[in-house]
Amino acid sequence: MEVSLTAGAIGKIMNGEVTTEADMIPVLQVTDLKQIMAQQDPTRERFRMVLSDGTYLHQGMLGTDLNNLVKEGTLQPGSIVRLTRFVGDVIKGRRIVIVPQLEVLKQISDIIGHPVPGGKHNDQRGADSGIKFNTTEQQGSGIRQVNNIEPGRSNAAISPQVGGTGSSVPASTTPSTRAYSNPSSGNGVTRQDYARDPPTSYPHQPQPPPPMYANRGPVARNEAPPKIIPVNALSPYSGRWTIKARVTNKAALKQYSNPRGEGKVFNFDLLDADGGEIRVTCFNAVADQFYDQIVVGNLYLISRGSLRPAQKNFNHLRNDYEIMLDNASTIKQCYEEDAAIPRHQFHFRTIGDIESMENNCIVDVIGIVSSISPTVTITRKNGTATPKRSLQLKDMSGRSVEVTMWGDFCNAEGQRLQSLCDSGVFPVLAVKAGRISEFNGKTVSTIGSSQLFIDPDFVEAEKLKNWFEREGKSVPCISLSREFSGSGKVDVRKTISQIKDEKLGTSEKPDWITVSATILYLKFDNFCYTACPIMNGDRPCSKKVTDNGDGTWRCEKCDKSVDECDYRYILQLQIQDHTDLTCVTAFQEAGEEIMGISAKDLYYVKNEHKDEEKFEDIIRKVAFTKYNFKLKVKEETFSDEQRVKATVVKVDKLNYSADTRTMLGAMDKLRTRDANSLPINPEGSDYNADVVNTGIGSSGTRDPSSVQRRDFGLHAHQSGQSGNHYSGGGATTSCNVCGNSGHVSAKCPGATKPQEQGQYMGGSYRGTTGSYGGGLPRQHVGSY
């Protein structure tokens, strides 16, 4: 293959006409290579090389990330290379070409032409420009400065290209020689636009060298346009610099306090035309100055500011540095759009890849949302409450993973996803900068700098849509997450009979499940308790208070008395599904959702206003209403007896559309059981992952072993006047009135016989003073 060298390239580099690849991407020949050692770090290897354009020779320094090319023999004397990234800088009076990235066009070739050392360039001021390797000179302070400069990541070895599954929107994946300029920015700079995997840092900035203006008479002001350099060329050694980039993300302005005082801070992320990303941080007065000026999606010219090592615990961008702006920094908006700078850049990994990734890694992932849970409120260790919403994401790798949204994501993107799923649409979701965690399997969670894109318009999303419509709906997926968490803990759909059959709650940790059931009965003799209203931070104390007898209430925890107490729900409910019934307890938030009225208002209706009719009407509306109950099931010790207690942590009205999809999904998983999408249970009790368990085995017969179960719920001495009527149900259906099988108590022929006043009669109550709907006796409200 015949390769021509770029004529005159060395002369232009020596004269300062060409300082970076933005001005020219020359093809040169390496005529000599020599290994040198840095004086301050002898263990660090560097290679100095001599470059030729066929006429002149010039010294260059190879980036340390390219040392392997020399060691492998890919780069050697005689090799012809294309300098895809370089910086020409003056060190101790000599202009040195620092090459952090190059492309080897030909490994070995005869020396082309008869190159000689170049003449003295403008900046040299009479210094000798002869090409020779001098050990003393190589270890001088000037070279030491170069040796300190080391790109943070490996560059492309022979042919730069975007690695892995990374993508940008839009982005080119092949080199191009198209030049571009942005007239509105006032810089008039042309550069080559090609996409490649960029290094994180570059040693020196290509600034107009001051000596070029020497001997030209007095100059009052330098009116030269700013020299724009790539983001990845920035380093702590950069002096005057200007970058042109798009804001891809902006954090909120936050207040902070430390031993040095209080302050405020915000940051934003930048992306330039070469795919370089960097974070910019502003503090205090600088934050006030620039916060309103920065808008996500806009283009800016940013100059001045200091570079410091990136704090990788908080900064996920692929750059070893971040910018800190100060009072001397300038930000100028570019009002004319530059299509060469993408709006977003992704480095997608498949869900299958996540399985082998480490905990706390930051990942970009894209997939189809197959299901989503409602928003729940989680109380953190510091007492603050935060919303949480979970969804399942699947892709073409045959794997699915739980994605957990926190904070504002739940109400914005989360609500939109919920609406799409409820309407029968399976949207595409792209997650940028999600954090991997290993709690209950692999999960992906949002962090402060995460971004969510619903049905985005780029190639990966279109491929996923086509795959899902073509075959993805019926393809089984293995979940990397153990269970689908919808209420802050491991949360799976179960039947009431499974609570007893599977002995849920008896392990060291509680079980968190969802049960779709109907409220059969409510106990209302003590439906609320008096609570402390004193605020503890942003939450009320809510501990029980006692009446002092003088119109005040005392809280032992707060050690204070208050003039007025609060009232909070503590409801005892009996719920039933198609397999069994049980007792549960619902506290304040869940109680208000069920009753539709606050505990205080209901207390006043019953005890202050004595409005029995209104009270009964409220109760009547609640009875025989179906909900999705999210339960915490845990065994507790009461009076030296072990008892399993179920507490309602969240209650949602039944969404028939979503529930139908859940049923259909469960049926699909049953059909694809052989593909390991679900664990196979020969006893027919595999309701995990939203699979409905009817108690019928694969042979079509009921499993007699499922009839055996232990007692659950309240004991007789705690169950009101009639004791505990709730025997286990399991796979068989039996009547609680006559004890026979084949029908439920609500349809029992014996239930029509007159009973004692207020006795439970299989779904309705009948008293000697007459019967009425709603499942509660008029004279015995609050007793079983």
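Glycine too: its Cβ is placed from the backbone N, Cα and C atoms.
Note that the structure is predicted; figures quoted are calculated from it, not measured.
The DNA-binding region annotation in Swiss-Prot covers 241-327. What Swiss-Prot lists as compositional bias 'Polar residues' is 132-148, 167-190, 695-707. Feature annotation from Swiss-Prot assigns region 'Disordered' to 114-224, 678-707, 746-784. What Swiss-Prot records for 532-558 is zinc finger.
Secondary structure counts, DSSP: the zinc finger (532-558) has 0 helix, 10 strand, 17 coil. Averaged across the zinc finger (532-558), pLDDT for the predicted model comes to 87. Mapped onto DSSP classes, the DNA-binding region (241-327) shows 7 helix, 45 strand, 35 coil.
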